[in-house]
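Per Swiss-Prot, substrate binding site is recorded for Ser60, Ser74, Cys75, Gly103, Asn256, Leu257, Cys258, Asn259, Glu260, Pro400, Asn401, Ala402, Asn403, Ser404, and the stated evidence type is similarity to another entry. Look at Swiss-Prot and you will find Cys75-Cys273 tagged as disulfide bond. The feature site 'Allosteric effector binding' is assigned by Swiss-Prot to Asp82, Arg112, with similarity to another entry given as support. The active site, proton acceptor annotation in Swiss-Prot covers Asn256, Glu260. What Swiss-Prot records for Cys258 is active site, cysteine radical intermediate, and it gives similarity to another entry as the kind of evidence. For Tyr534, Tyr535, the entry in Swiss-Prot reads site 'Important for electron transfer'. The site 'Interacts with thioredoxin/glutaredoxin' annotation in Swiss-Prot covers Cys560, Cys563.
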Amino acid sequence: MTSAVSFPITSQASDMLSKFYGSDLGSLYGTLAEKYSGGKPELAEKLRDYACKGWFGYSSPILTSVTGSGLPISCFLLYVPDTIEGLVDHTSELRWLSVMGGGVAGHWDDVRGPSAKSCGTIPFLHTVDADMSAYWQGKVRRGSYAAYMSISHPDLIEFITMRTPTGDVNRKNLNLHHGVNITDTFMRCVERGENWDLVDPKSGAVAHTVSARELWERILETRFRTGEPYLNFIDTANRGLHPALKRKGLKIRGSNLCNEIHLPTAADRTAVCCLSSVNLERYDEWRETDLVECLVEMLDNVIQTFVDEAPLKTPHTARAVRSAAGERSIGLGAMGWARYLQKHRIPFDSEEAVRLTGIIFRGIKSAAVRATRALAKERGEAPDLTGYGVRNAHLLAVAPNANSALLLGTSPSVEPEIGAAYVHRTRVGSHQAVNPYLKRDLESLGLDTEEVWDSIVSNKGSVQHIAALPDSLKKVYKTSFEMDQRVIVRQAAERQRHLCQGQSLNLFFPIGADKTNLSDVHRLAWKSGCKGLYYLRTCAGRTGHKIFEAKKNPEKTEECTACQG
């Protein structure tokens, strides 16, 4: 089953297809529709048609699963036990899951701190750091791992700075990502200026007592310098856990590689999530259709494929298969949000955008719940969900989805764009990116010239310097660094009300940002109900390269490094 896509394919998307998928997009979509239709011709036809219209995108693991080289799973979340046997087993499991193509996260809260009989967590994390260079994701790119640790762990202070390049190289973990599980109690201590105890999870003894505010400031300083650690508001996440899973005594102990998955882990349970994303840029085209229902069914079929095929590849998937079969959680997300707003000339950091994101995601949630209830009637409830009338414990999670967005020629995820014109660097090389809606508006004003575009790139993708551009359009095309980050957080909080999992939420601050404002924005994310914060991006203030010169002389193209996180 093949068909031509009805949206333009960029040169960058074409290069990615050629290098990683060896197929034209229409043929690839046809193959995927057949594979994940569950044997239903009508669903296969709809999936093919909706994909070719650019209404949604598959995650990279699902795209590559047609080659048979890996599993269609994006995320694996592993509990790390406090025993030598458990630590060795964790290493073995993460290696195999990485080779199977998934990103891996480890939840380290329960591993004891350093003592006369224990070296603590950092040396064990160092072995994981080495593994990521050796055990490649899907055998095509270096492995990816995120470690999560409690805000009260004795190793926390060293953990926070383990990705900074100075210090003992044997205790640095530059190949890993990391996140801190932050509790409500800690945040209240920060607000009140109280002390905070770092407590050994094994003995219960207080290892250190520190100022909560100073620890908070240290975390933010490290985020500002390196982009990490992620912040994972663990109590908020656990409040959103499905009640059936709570009744089983399960709890969330961390997030995933991209901080949007919030599922329970345990010694016998490795959380799994498969992903797909609707394209909000084309929301007006699909809003009255059954797109969301079709994608929920498709992702449930992906889960079943994993349950059926994973044990045949390695026995080290047993915990993941148990979790996937038991709760059948999926992660339907979104991309193209910035482009949708630009299409309709709505500023990203506006009250109207906050209102619209609530309306749109309320509708997506309602459709997803209808779909999982229908699947429960047709196929049965998941074993962990008996009596709740649903097939899938969790349904919605907004991932970064940069590669999926690239294939569809839209903006990634639900975040603002870094600029209206820039050099976009991905795993297939560097390409020039020009905002099509700004081009539309510049054409209408007689400003679509090489000189204007060169000035935009020279000003880090900004249009604020263009005198002939009306203020109303300058607001629409603000870069992510020109926006009020508090409005971005408020918008994310409105969206979070309708997400059973989370969202990869980035923040953007210029070099020299006010420390008080930085802290206030992060605290607002916690107070307003966001489950976590992903990267903190900083703008280094360098100018871009002449985009049209790069087009004429591709051999001289340089990569834009203006914005670093």
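Heads up, the Cβ atoms here are built off N, Cα and C, so glycines get one too.
The two recorded residues, Tyr534 (site 'Important for electron transfer') and Cys258 (substrate binding site), have Cα atoms 7 Å apart.
Across the structure, Asn256 (substrate binding site) and Cys273 (disulfide bond) are spaced 10 Å apart at their Cα atoms.
Most Cβ neighbours within 10 Å, among the recorded sites Tyr534, Tyr535: Tyr534 holds that distinction in the structure as shown.
The Cβ of Cys258 (substrate binding site) lies under 8 Å from the Cβ of Cys75, Gly103, Ala399, Pro400, Ser504, Tyr534, each on the same chain and at least six residues away in sequence. When the alpha carbons of Ser60 (substrate binding site) and Cys273 (disulfide bond) are compared, the span between them is 13 angstrom. For Glu260 (substrate binding site), the number of other Cβ atoms no farther than 10 Å from its own Cβ, over all displayed protein chains, is 29. Within the set of binding-site residues (Ser60, Asn256, Asn403), the lowest number of other Cβ atoms found within 10 Å of a Cβ is recorded at Asn403. Asn401 (substrate binding site) sits 34 Å from Asp82 (site 'Allosteric effector binding'), taking the C-alpha atoms as the reference points.
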